[in-house]
Amino acid sequence: MDATAKSEALEYLIWKEVTKYDIHSFTDTMVKRQLQKLSILGSAALGPRDSARMTELVADMENIYGSAKICVGKKCELSLEPDVTEVMARERDYDLLKEAWINWRDETGKKMRQMYTEYVNLGNKMAIKSSHGSDIFRDFGEYWLHSYEDDNFKEKVIQLWNEVEPFYKQLHAFVRMKLRIRYGSRMPKDGTIPAHLLGNMWAQSWTNIMDDVTPYPDLPPLDVTDEMHKKGFNSKRMFEMAEEFFVSLGLDPMTDEFWNKSMFVKPENKEVVCHASAWNMGTSSDFRIKMCSEVNMDNLIKIHHEMGHIVYYMLYKDQPFVFRDGANPAFHEALGDVIALSVSTPDHLKKVGLLEGYSDDDKGILNFQLLMALDKVAFLPFGFLIDLWRWDVFANKTSKNEYNKKWWQLRLNYQGVSPPGIRNEEDFDPGSKYHIPSGTPYIGYFVSYIIQFQFHKTFCELANQRTLHECDIFGSKEVGEKIREVFSQGSSTPWQQQLLQLTNQEMSAKPLLEYFQPLRTFLKAELKNEKIGWKVNQKHYGN
């Protein structure tokens, strides 16, 4: 907290100096852009007392989240990583999964509900006090959206959701149809899917139930976790493998500080927040990842994602300090993910010796496409609704007495998932997801899941590969040059300009839909006798 206070004191002094000037009188666009960015004060606007309190609230909520331990069945003292995550991924017993789901929420969200209300009030106060010139913020949500430099950004995000919603509903219907085989009458009659049955604590990724829903179960599995163990992989080897991919594009390797100062595995006898994150320590060489990695395919993909942040940090490190940031938050999330699209392909996994016996006929392609959709498409409504919920909370459209009601209204409406038991306003289910207690905006993840396919299409064309779901850009120096050209700009130019420079498009879900065209055709045929969609009847699940 002392470091935060010192940083905010410096930010305040800079802000005080910058706001003496009429920014619009400057003709140099780079100078003008730097001054505009520096004129938005942020948390320092609260003053020392309120700022310290806000920092304390976030730290306390993160501590509740990071130190939470629960019982499941006869086992107790289970941490989220790796214990509870493994239960949600591997267990198939309906009641044990329900117990894990409820107990995690009792030990996290429920305990921070009152703190979150105070946090919202301070966030709104900060936003209003940060207003300057033409940048007027009525609440914390508007302040967060400022980084997208677009007054119509919300509307554009809603349009993106409208583009992908029909495909999501097809995927939902197919998965629901398959889960009925396992769970029978325990599946709700309203067409929703119980949120605890999808292989993930938040139902944001469904890849862990691939064995229950795979179209062609006789083919070899595409999850290479077992092969990684057979080949003696450890955590460091997964990070080295990610580095090898970026270096193959002609990008720089990780620094010595990265290898010496990162946290790759969960430390013994020490409580840490295990949520994976990348850190820019503000020098030209000190970049780190903090992660409690386990040897599995999911973590291998996640490591490429986190290393994408590090590569981005290194690309814009020579920009003026104020521009050492992503073009927008979605760009930062998308860089590692677009690399992971290549890493996930069966051809790439074969090249690196992790996949044998894969069939690249239509059946093999459909198994692969479904596995990717269980990650990339299943996530979309979740990525969309988290900040829909927060925007309404910050704008006081959702009162503190209806936090959980609104949360489940959105999850039912957009995601089509239902809680495994009655929920009420003693619960605070949003707080069971790390980004709520940590105060991390989330809409960037949703946008990144759209634009990464736009990036992928561009990179595949540069690598002379036209079939998006088969494309592997490993070793393409042309792709590396394009990444360096665009991403080294940091935030020195508007993201809209950089997106056009990279893709010749505005934001669009068309490349995502093109990538999944084989699966979409398959689902349409498979679902002829299945009702697509669900009924929203919130009274079944609480007040």
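Glycine is no exception: its Cβ is also placed from the backbone N, Cα and C atoms.
Whatever TrEMBL says is automated annotation, not expert-curated.
In TrEMBL this protein carries:
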type	residues	note
BINDING	Y148	chloride binding site
CARBOHYD	N260	N-linked glycosylation site
DISULFID	C274-C292	disulfide bond
BINDING	H305, H309, E333	Zn(2+) 2 binding site
BINDING	H305, H309, E333	Zn(2+) 1 binding site
ACT_SITE	E306	active site, proton acceptor 2
ACT_SITE	E306	active site, proton acceptor 1
ACT_SITE	H435	active site, proton donor 2
ACT_SITE	H435	active site, proton donor 1
DISULFID	C460-C471	disulfide bond
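All features noted in TrEMBL, drawn onto the structure.
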residue	record	Cβ neighbours (10 Å)
Y148	chloride binding site	23
N260	N-linked glycosylation site	9
C274	disulfide bond	21
C292	disulfide bond	21
H305	Zn(2+) 2 binding site	20
H309	Zn(2+) 2 binding site	21
E333	Zn(2+) 2 binding site	23
H435	active site, proton donor 2	15
C460	disulfide bond	25
C471	disulfide bond	22
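Within 10 Å of the C-beta atom of the residue listed as 'active site, proton acceptor 2' sit 22 other C-beta atoms, taking all shown protein chains into account. For the residue listed as 'active site, proton acceptor 2', the nearest of the recorded positions Y148, C292, E333, C460 in terms of C-alpha separation is E333.
E333 (Zn(2+) 2 binding site) falls within a helix when secondary structure is assigned with DSSP. A straight line from the CA of H309 (Zn(2+) 2 binding site) to the CA of C292 (disulfide bond) spans 17 Å. Other than H305, H309, E333, the residues of this chain whose Cβ falls within 8 Å of the Cβ centroid of the Zn(2+) 2 site are, in sequence order, A278, E306, G308, H332, A334, L335, G336, D337, S448. The shortest Cα-Cα distance from C274 (disulfide bond) to any of the recorded positions (Y148, H305, E333, H435) is found for H435. Distance noted between the C-alpha atoms of Y148 (chloride binding site) and N260 (N-linked glycosylation site) is 35 Å. H435 (active site, proton donor 2) has E333 as its nearest neighbour among the recorded positions C292, E333, C460, C471, going by CA to CA distance. E333 (Zn(2+) 2 binding site) sits 20 Å from C471 (disulfide bond), taking the C-alpha atoms as the reference points.
When the Cα atoms are compared, C460 (disulfide bond) and H305 (Zn(2+) 2 binding site) turn out to be 18 Å apart.
Straight-line distance linking the Cα atoms of C471 (disulfide bond) and C292 (disulfide bond), rounded to a whole number, equals 30 Å. Secondary structure from DSSP puts the residue listed as 'active site, proton acceptor 2' in a helix.
Cα separation, H305 (Zn(2+) 2 binding site) to the residue listed as 'N-linked glycosylation site', rounded: 20 Å.
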